[in-house]
Amino acid sequence: MIERGKFRSLTLINWNGFFARTFDLDELVTTLSGGNGAGKSTTMAAFVTALIPDLTLLHFRNTTEAGATSGSRDKGLHGKLKAGVCYSMLDTINSRHQRVVVGVRLQQVAGRDRKVDIKPFAIQGLPMSVQPTQLVTETLNERQARVLPLNELKDKLEAMEGVQFKQFNSITDYHSLMFDLGIIARRLRSASDRSKFYRLIEASLYGGISSAITRSLRDYLLPENSGVRKAFQDMEAALRENRMTLEAIRVTQSDRDLFKHLISEATNYVAADYMRHANERRVHLDKALEFRRELHTSRQQLAAEQYKHVDMARELAEHNGAEGDLEADYQAASDHLNLVQTALRQQEKIERYEADLDELQIRLEEQNEVVAEAIERQEENEARAEAAELEVDELKSQLADYQQALDVQQTRAIQYNQAIAALNRAKELCHLPDLTADSAAEWLETFQAKELEATEKMLSLEQKMSMAQTAHSQFEQAYQLVVAINGPLARNEAWDVARELLREGVDQRHLAEQVQPLRMRLSELEQRLREQQEAERLLADFCKRQGKNFDIDELEALHQELEARIASLSDSVSNAREERMALRQEQEQLQSRIQSLMQRAPVWLAAQNSLNQLSEQCGEEFTSSQDVTEYLQQLLEREREAIVERDEVGARKNAVDEEIERLSQPGGSEDQRLNALAERFGGVLLSEIYDDVSLEDAPYFSALYGPSRHAIVVPDLSQVTEHLDGLTDCPEDLYLIEGDPQSFDDSVFSVDELEKAVVVKIADRQWRYSRFPEVPLFGRAARESRIESLHAEREVLSERFATLSFDVQKTQRLHQAFSRFIGSHLAVVFESDPEAEIRQLNSRRVELERALSNHENDNQQQRIQFEQAKEGVTALNRILPRLNLLADDSLADRVDEIRERLDEAQEAARFVQQFGNQLAKLEPIVSVLQSDPEQFEQLKEDYAYSQQMQRDARQQAFALTEVVQRRAHFSYSDSAEMLSGNSDLNEKLRERLEQAEAERTRAREALRGHAAQLSQYNQVLASLKSSYDTKKELLNDLQRELQDIGVRADSGAEERARIRRDELHAQLSNNRSRRNQLEKALTFCEAEMDNLTRKLRKLERDYFEMREQVVTAKAGWCAVMRMVKDNGVERRLHRRELAYLSADDLRSMSDKALGALRLAVADNEHLRDVLRMSEDPKRPERKIQFFVAAYQHLRERIRQDIIRTDDPVEAIEQMEIELSRLTEELTSREQKLVISSRSVANIIRKTIQREQNRIRMLNQGLQNVSFGQVNSVRLNVNVRETHAMLLDVLSEQHEQHQDLFNSNRLTFSEALAKLYQRLNPQIDMGQRTPQTIGEELLDYRNYLEMEVEVNRGSDGWLRAESGALSTGEAIGTGMSILVMVVQSWEDESRRLRGKDISPCRLLFLDEAARLDARSIATLFELCERLQMQLIIAAPENISPEKGTTYKLVRKVFQNTEHVHVVGLRGFAPQLPETLPGTDEAPSQAS
């Protein structure tokens, strides 16, 4: 029999009162005896701390705190330790005789919270001779020792051979080791399990009936049926997963259209934009290249036009210069003609005016003589009138002064002043400073005499003047003629100059007669010279146009060469036209062919895409239509083979499912009828009794019982007999065995065990030999093992079946795809590649365009050469007739010579024409120039002087006369004398005034008459002089004009000038015509250059913009391509058939897809934002980001449990293959997974029945326990009424509630909860969910009610409550319950632990003084019967007769507190003896 493990000792190190104390524990009861504060509770606290080192649970309260709601602040542990390292260790020995030391290292943590640090550890392999205190202490001397810290302890143990030290970081690991080694009874997997264990220890420690345990006895006593719960959970999980998968399939089916729509629209949206950008990039590149070609061509054209413009501008400049010269010559010729005509008219006017001047000269001389006589008479009259006027004025002045003096007395002074003024004036005029009033009369006579003398002298000079006048006029006339011809000169030189002029006139007339012959000769030579110059100009222009200088002798040969070149170029131009037409015809044919190929290309590309998809799907390459049809036949054969294999795998999988279902029956029954028969017979299936058999023992028991392993064990066979009569619903062989199901063993057979077999002696004459089965199915462990292997096989079969089904579906879809391909694309798919042909044709088209361009250039050059040759021939036709003129080199010299002679002759003719008349007039009177009448001028001056002297003498006489007349004013004496004296004077003055006025009147009349006559004479003279001067001036002007004209007017001059003008006009017209042509050509050339310049600028701008756009687009395109390649979507986006659509079509396609996508992603915020960002036309990469995001979104939505791919497009293809198959398979799987409500009820009932039997067995162990009035203790287990009704409905009336269990919306747990609510509407479920309630209803423990009952005195069986029992009875009852719990835990954990391990049993009891001796004896008896260790604490008055007793006494020695311990063995049979080594000397830690 397996020995039970025991606790050997408890060691306390550095606890309060215990420095190093080891308590040896008795195999039954260990008693700690001592007074208050002796250390009993501390010792038990150390044991509990080493057993359960969980600070969240540990709480050591004193007995006085039993009614307190909260304990001490440190929960009782901190105060039980000393400073420094502390240990609590348990020394145990298990059923395998292995010594295991487990314990904890404790250490106080500084701080107000009074915390304790705990480190659990375990020591294995420690020799029995080593004491625990030796491990953790180090002796320093006889009186001192040191506690080793944990790391030193570890090092010390590692140095010992065979000793293992383990330190644990978690309490779970610590308890797991203790459970595996048999130290604790139950595996404590969680904090809840630890809490239950601690509550059990706490309940035993403080005694009594623990309400915490009695309220939850089900949790303590009834094991959790994890297998059933796990089965239900697995079933529900499988059903939930199945239904979720089915729902996912339905969602996927609904999403499939969304997937298709989203993928197709996203592909259309992004691919259209992608291909549009690709097309635009290609178009932009083509445009950039075209712009560059056009730019190069335009630059060449502009350079050619610029060269042409320079040539024409140079020629135009030459023509402009020539035109200026010709205009100047023409203007000069016109001016010369005008001058000749003007000179002729001037000459006629001069002759006419000269005749008029001669006539006027004669009349003017006559009138001069008349006027001279009239002037003399007029002067005499003027002098006489002036004298009379002066006399009258003087007399009036004198008379006026006199009247004033008479009127006013004051006028005397005025008169006196006037007299003085007259005297002064007379002094000044007469130059007589000594003149006085008295001497004025004398001087008056003198000056009157001078006046008379001057008058006589003037008259004599006047007579001399008239006589010399005639001789002087002839000399002056001759002299003026000489001055007019020769210019100013001295009078004495006039004679010599006049003779020289007359001789020169004769020579000039001889030269003037030669003007006309010279002019005619000059005109002829000038005409030839102009023709020569024109020929030279034509030759120079021809050489310039030809770009080469030619000699005169080479021109005829050149003329013939140019004519031959014209003929050959004409043939070349005609041939080039035909060649150009042929090239253009070929180009049109190529263009037509390219258009047809471009129309066929999308169809071919679609067929190729379909073919590539088929090739990718089947992994084959097709080169002809025959390959396609042959592969289609292979597909049909492959489909048939796959269907056959799929059906075989499906049949095997169904067989495995059936076997799994059969093995999964509760109780190990493979036939449901056996469960019903066992329930009917009141028995238990043999497989249920052996349900806990281990996997190693399963083959043995399976062979032992053989066919009877499915037997029913019944208590009494006789009671079954009546049920066998008429029994039909049963297996063919039904085995019944009589025995007690609670204590059944294999003693019913006589067995001999052989090698892997047994011989069963059923009877004396019947043996059965059974070999151990290779796959045992007896016992739950064997069945679970088999089920596990079957599940693995089923997974393989399911995967194979799914693979085959997928292959069949894939093959069928591939067959359909091939059929569609044959019907749609087979006719065109294997034709030649239109794109390759398009590329070849495009290259040929480029060659043709290049050939046409070269041909046009060559043809243009030929045309230019042809035109140049024609122009050269035309120019030579004008030059060749003038070759003789070009050869005449002396023509210009002869023209210059004749021109010089003509200039001399014309100069002579102009001299004769200008001075011929003057010379003719001078010739008759030239002799008068020999003597110059100079005295005429002197006489003329003397006459003027005498006139002046006569006027001065007259004024002097008049002044003296006035003085003499005012002589009376100088001597006024008084007023009377002045009045009387002046009265006579007044009368005289008046008389004289009257005489003077009469004389003045006569003089005035004579002067007036003679003045009128003189005026008439002067008018006639002035008119004649004016006419003469005018005509003379006009004649001089005409002569000067004629001289200024500088031409000699003769009869032929006008005709020669007109001919010259007409010739120059013709040349000027020709030059202007050519200039106009050049200007027009130059204007056209400039316009063409401007157009080319604008075109060039536009092309440069367009080219650079396009190039910049290409470069910018290239960067963006590179980013797009990188993003496309990184995300692997190029195959989806690069749809070549879209390359043949226009940009508008692609944009329209993208816009339509965008509108559809906006609706499709309206509910997805992420895709909506990405789609909105992708609408930016400047950021094409964002569309790729949207496409990637859409694909990622679809990938995330792909059900990986259904579809095994990341590609949404492939997912859609696989969806259509998988959905129907999965739907069918999952529906059948759900039908198989669903467990019936009757099965659930049977499982729960069987479990309840088994646990009731187990509790009944536990009650048998407590029948003999009694405490005081308590005679017996038992556990009563009943099924709750509400739950019993639920089980009845599940097993008998489940058809009425199939609406719950057949609903796909409810799990089985939820359906069970709904049924429970339906059956018990009065029960409030609170806030719990149906799933939670259903899971509770699947736990059989919730169906049971457990309570502790005691048989007390005459009251019989009563419910155990603290109020109805005494303290001792309550402690005994509680201890009984705890023992039952421990035993229940051991039974529950027997399957989890090795068969050779029987765990330690130990409980506590503090304050055992409350029990009487009989109760304590009962505890001893219970411990002995149950092999349980007990530690109790009691005062000193308790001395048990059995076990080991320690007496504890707390002492103080030298300020050091310690506990003195004395140990005693049981002393009832013999004298007590002191245990060795129990007396502890005082010590203190160093």
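Backbone N, Cα and C atoms are what each Cβ position is placed from, and that goes for glycine too.
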From 37-73, 444-480, 740-776, the residue range that Swiss-Prot assigns the feature coiled coil: 444-480
Coiled coil range according to Swiss-Prot, out of 107-164, 1209-1266: 1209-1266
Fewest-neighbour residue among binding-site residues, criterion Cβ within 10 Å, set N36, S41: N36
Confidence summary for the coiled coil (326-418), mean pLDDT rounded: 77
Among G34, G35, G37, G39, the most crowded of the binding-site residues [Cβ within 10 Å]: G39
Cβ-based neighbourhood (8 Å from the centroid) of the ATP site, residues G34, G35, N36, G37, A38, G39, K40, S41 excluded: T42, A1433, L1448, R1450
Neighbour count (Cβ, 10 Å) for K40 (ATP binding site): 25
DSSP state at G37 (ATP binding site), helix/strand/coil: coil
A38 (ATP binding site), number of other Cβ atoms within 10 Å: 24
Per-state residue totals over the region 'Flexible hinge' (666-783) - DSSP helix, strand, coil: 44 helix, 26 strand, 48 coil
